[in-house]
Each structure stands twice: as C-alpha cells, then as structure tokens.
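Participant: Let me begin by handing over the structure; questions about it come next.
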Amino acid sequence: MKIETEIFFSELREKRVIKMAIRVWISLFLCVFALLGSESYASENEDTQSKEFVVTLDHSNFSDFVGRHKFIVVEFYAPWCGHCKKLVPEYEKAAQILSQNDPPVVLAKVDANEEQNKVLASEFDIKGFPTLKILRYGGSVVQDYKGPREADGIVSYVKKQSGPASAEIKSSKDAEDFIDVNKIIIVGVFPEFSGEKFENFTAVAERLRADYDFGHTSDAKLLPRGDSSVSGPVVRLFKPFDELFVDFQEFDVDALAKLVEEATIPTVTVYNKDPNNHPFVVKFFNSPNAKAMLFVNFNNDLFDSFKSKYHEVAEQYKGNDISFLIGDVEASQGAFQYFGLKEDQTPLIIIQTNDGEKYLKINVEPDHIASWVKEFKDGKVKPFKKSEPIPEVNSEPVKVVVADNFQDMVFNSGKNVLIEFYAPWCGHCKQLAPILDEVAVSFESDADVMIAKIDATANDIPQGTFEVQGYPTLYFKSASGKLMQHQGGRTKEDIIDFIQKNRDKAAEQAPGKDEL
C-alpha cells in the first residue's frame, strides 16, 4: 500500500474540517492511498468489454438492493473528483474478477454529489471522495473499507473480508503464512471450536475484522511467540512493537474488543515513511487523548537519546489522557506546513488537545522533555497560535485579518463584518477576489461595514466557531455579534443584498452613499 503524504496534506488544505479535534486529527494524519491510473484491459469478447460490472445505485434502489446482499462494497464518489476518476478502471476490473468468485461479490457505486443522493451520503457520514464502505447483512453492519485502491489489492482485500472472520490455523505453515511480523494479528487458542467463549471471540473478530486479522487454533505450539503449552481458551495478540505479544482471558465481547483496541496503540507511535507504521498512526489520532508529537531528525546523533527519554515520559503518562508520537522531520513536511512550523525549530514537541489548543516547545533537548510535559500537564504552558504577522499597512478595500488580530478585527470591532476564509492556491477564491473588492468599495463610505479575508492555511481560526470545510467559505458577523454562514449566490449583488438583510438595523446604511 503506497502512501503519498504530500498528496494527503494538499487535500487537507482543500477540505479542512474545523470540528471536533479528533476529526481534525484523523483528517490531519490519516494518510491517503495513492490511486494509480490503470491501462485499459482487453477482455475475451465484446460482451465482456461492453458490460459494466460495478452496479450503479441511487436513492431509489439503494435500500432494496443492499437488503438482498449479505456482503457488498459501495463506493461513494463525485464525478468531478480526480481520485474517483483514477479509481474507475481499477474498481471496474476488480468488480469483474469478483463477479466470478464463488460466491460472487458485488461492488457498487453511488454518485454522492447528486442532489437526490445526498441523504445517503449523510447517512453514511461521507466526508470526502472516494469513500468506500463495506455493508454486511443487508446493510445492518457498516464498516469502512481500509484496503488498497488498485484492482488486485481490492480483490484480495474483499475476498478476505467476505470470508470467515477468523481463519483456522492447522499447521506451522499456516501460522507462518498468517502471522505477519509487521501487523497486528489476533489468534484464539481453543480446545474445541464451539461454546460461548469461542462464539464471543468470533463476534469480536466480526466486529474488528476491517482493522485486524483474526485466526484460531487448537494447538498453541504452532504459534511463534508465547507459552506453547496453553490449551486455552486464551486470546493471543501479536504486534510489532513494545512487548510483541499479549495474552487475554477475557471473553466478554465488549471487554475483549476494548482490550484489543488498547493493546494495539504503541507506547510511542513512530511516524516516518515506512507504510507499515501508518495504521498505528491512524490509531494514534483516533484516540480521544491529547496528542503529544516529538519531531526530530531520525539521523540526528542524539536520536537514540531523544527516543529513550521520550519513551520514558510516555510510559510515565500511559493511561493518563495523553498519547505520544515521534515523527521524522523528513517525513513530516506536511505537518510542519499545517502547523506553521519550521525545520530550524526542531527538535520540537507540539501537543494538541481535543479542544484544538496547541502547545509548543521548540529546540528541545532530550533532558528537557519530561519537565516540559509536566509543565503542560500542570497547566503552566501557554497555547501556541499559528499566525501570519499583523499587517503594518491594511489600507486595501478588503481588510487582511490574521490569527493574532482576529478577535480585535472581527469580534471586537463593533462592525458588521463579512469575512472570507480562503487558500492562496484556490481557483474559486481567485475568482471571488475581484467581486469582494467591488463589494468592499461599495461599502467604503459605510463605517459600520467591513469586508475582510483570512488565509486559513496560514492562520489558526477560532475552534468551534467557524466550520470551514472548503474554500472559499464566507461568514458574516453582525455588529451585535450574530454569526452566520453565507451560502447564497456569490455575485456582487448577491453579497451586498445578504449583508443588507443581516446587518444590524441600527447600523444600516445603503452602500456607496454618504450620510446626509
């Protein structure tokens, strides 16, 4: 699975979601699969060439079709999405191969950009394109597709997902093939494959199969690590970090699932260019804890010292609402751009809490890590804010706002403020810019109205106040503090009309006219 970190951070800037910090982080480090273009393939006859194997669904037939299938994969896409277009030949090729499986497996698609299908997109919490979902048992169980995006990988992943949730290990060869030293593998040891404990283990495997591989055996001697004399029932979790394996004798479904989730988060998660580490990075950011990240050059002469000291701190605070990650500077350029950091500030630690606040320690030394984290936990560290410099001259019709003067210019100005959240590279923002200039000029003689803009890629914006899911996003704050998003037309006349309708009446004045 090839991971393109820079592509991911580019997409993040296009679709920045300012919601719960967990969602932001999931978006922030969730690494995007590289979607490879595919050469068209020749089929054996003209009928195969013309037939589409991916089933097209929409709001009118979705529930009925899904309800008739025990297992189905559904892609939610948008026609304009570049990654969706790249996926088309791979997804179609996989659908053709899987149609000949025994039993056949169906791949389907939904145009989530179509107005009538947006209810479906909302129901399945579709945040970006393409998003693939696995629907089981007539749609009663929904899981995220977490496999490759090229045909052979799709086929392999889907076959495994559509088969039994746990595979039986009968021989040393089975165990060798099944237990990958770079992955989380969970094996149940049972004297017989029946009874409540085995059924509960299978239920956990069914629930978590999209994330982990499950197996079961009656002979612990076949397993590469752990006590080979146990006859079970016991659940042995193999992992490529920390203690390498752990045994559980808990068979309540919810409790066992929780133990598995907790055991699969490393004490210190490693973030580098090794794709084997990326699933653990995803788990790190899925955690509800505060996120502590140490960025250091892995080739630094002091790296071993940093790693050791950081691990000691992570052990100290384990289970104390804070998780730890160590990232290689070379692999973390997208993160640096997102946070507004510079390489000459490394080694550095940044901590982000679930309310979006960030805390920063630059040019840290190994022996300073423990004391600084303690200061953070004791509430003695001030939050860090990413901001461009406050402009020395701000005389253009559209005023420039940055993070450091946002409160004063927007909330404390006493004015009716229309503010644009934009990205410098955004084509739609460039098209809107001259229109906003005209709107601003028409209000120049009105002291109660201000048109402003902020580069949302270079400045932090107030958490929980503005929902910026794409660029440009327009918000209006009335003089009395009423806040609303502008979602109407974007002509000069549309925007002026919106301002006039929503500005405070006491401050109302026609644009472009002097007071008498």
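Glycine is no exception: its Cβ is also placed from the backbone N, Cα and C atoms.
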Participant: What residue among Cys84, Cys429 is stated in TrEMBL to be the disulfide partner of Cys426?
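Facilitator: Recorded disulfide partner of Cys426 in TrEMBL: Cys429.
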Participant: By DSSP assignment, list the helix, strand and coil residue numbers for the domain 'Thioredoxin' (34-163), in that order.
Facilitator: 52 helix, 26 strand, 52 coil
Participant: Radius 10 Å, atoms counted are CB only; among the disulfide-bonded residues Cys81, Cys84, Cys426, which position scores highest?
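Facilitator: Result for the most crowded candidate: Cys84.
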Participant: Determine the mean pLDDT over the domain 'Thioredoxin' (34-163), rounding to the nearest whole number.
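Facilitator: Reported value for the domain 'Thioredoxin' (34-163) is a mean pLDDT of 87.
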